[in-house]
């Protein structure tokens, strides 16, 4: 009786099992999980502050300083050599000033961060600060070199553009035009690297540069008229 029942069960259930297996086989769809690729790391704009200030803003300082100096000298002396020499003097003096100022400033920041690391090591009982933390320390020499080179690069624009133009009016116009283009470009670069609005950054830098050049020209023009130091081109 047992053998009969088992054979009957086998004979009656085996076709249905095969059909179910076939149905299951055809109904199963392999669902591949989505790719777990790492998302792009968000940009930390605060880490760009040091070299952004030393590079882009240093170039902007060089451009505005030398252009304002050349236009101011041109207000009382129309000779092209006078503007050229004044622009060259402004480039050298400004680059040295920017380099030493940036070096002193960043070195002070470096000393503060190193002292803070030492205090944390003593409080937390850490034997040595991690190498990653030490790599993040600011470099005074790098900041000084970047600031001086950036200032010189920015100062070369008005110096080379208008320093060798003979007619006084055309010389002033060329310096103004080249300086305006440079200011707009540096403003846009600063906004792009800093994650700010390109339009607002360009306008802010451009208007600031125009104001600086206007003040220099106006003050020295009045000085030349008041003391009779105005000279014509030779």
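The backbone N, Cα and C atoms fix where each Cβ goes, and this holds for glycine too.
Those TrEMBL annotations? Automatic predictions, nothing curated.
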TrEMBL annotation of transmembrane segment - which of the ranges 26-49, 170-193 it falls on: 170-193
Dominant neighbour of the transmembrane segment (143-164) in 54-76, 170-193, 205-227, by Cβ pairs under 8 Å: 54-76
